[in-house]
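Residues annotated as domain 'Response regulatory' in TrEMBL: 2-113. According to TrEMBL, the 4-aspartylphosphate annotation covers Asp53. Per TrEMBL, the feature domain 'HTH LytTR-type' maps to 134-204.
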Amino acid sequence: MNCLVVDDEPLAREIIETYLSKIPGWQVAASCINAIEAYEAMMRTPVDVIFLDIQMPIISGIDFLRTLKQPPLVVFTTAYAEHAVTGFDLHAVDYLVKPISFERFFQATQKVMERLQIKAPPAPLPPADIPTYFFIKLEGRLVKVIYDEVLYMEAQRDFTTIHLANKKLLAGMHLKAIEDMLSPPNILRVHRSYIVNLDAIRAINGNVLEIAGIEIPIGDHYKESLWRQLGIK
C-alpha cells in the first residue's frame, strides 16, 4: 500500500512514517511538508492512501483534497477535532486527532483495507511491536514520553500532570484521553484521578499504593483489574 504523508510538522510526519513501517505491506511513497509538494509527488508516483494534515501553510489539507479530481483514499491527521464533519463530507476514510496512538492508527489502516475490499491481516500484533513511548500535547508541541520513565499520572481538571522520576510534565489533555493511548499492560488506571506504572509501586497498604513516597488511592471500580494485573488474589 503506497502512502503519501503530508504534514508541515516534522515530528508528526516521523510518527506516521514509523507507524507505517510496522505494518506489513504498507510503505511511504513520499513525505511532504505542504500541499504543493504533495501534488508534485502524486505526479511522480502512484499513491493508494494519503495521510493528510488539515492546518498547513499555503493550502489547507481540505482545500488540497478538493482540488483533486480523482483523489486516492484519505485519512485526515490533525490536532483539531472540529473539522471532522467536513472531513467525512469529503469521504475521508478516517479522521485521526493528534496525538495519535499506534492502536488508533492501525484501526484506520484496517478501515482503508475494508474500503478497498482487501482482506485485512489479523489485528493482533506481536509483543515486540508494542510502542515504548507515547506523545502528549505540551505548550503547543507534541512531546515524547517514555513509558518506563513514568511513575504516575494525576488528573488536574482539563490537564494531566505526568510524574517522571526527575521531573513533571503538565499535558494539555484529559486523563481519559491519555489512557486511551496507552499500550503497555504495566501502565494502569487505578483511580478516577490516577494512572500508575505498576513497576514503580513500592508498597500497598489497604487501598493505598505507595510510589516514590507518595500515597495514591485505589478506586473501588479499579481494584479487580489491579489485583489481576499484579497477580494478587
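Think of each number as a place in line: the chain as shown, counted from 1.
The backbone N, Cα and C atoms fix where each Cβ goes, glycine too.
Automatic, uncurated: that is what TrEMBL annotation is.
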Per-state residue totals over the domain 'HTH LytTR-type' (134-204) - DSSP helix, strand, coil: 13 helix, 41 strand, 17 coil
DSSP residue counts for the domain 'Response regulatory' (2-113), split into helix, strand and coil: 50 helix, 25 strand, 37 coil
Overall pLDDT for the domain 'HTH LytTR-type' (134-204), taken as the rounded mean: 90
Long-range Cβ environment of the residue listed as '4-aspartylphosphate', under 8 Å and at least 6 residues apart: Val6, Asp7, Asp8, Glu9, Ala12, Gly61, Phe76, Thr77, Thr78
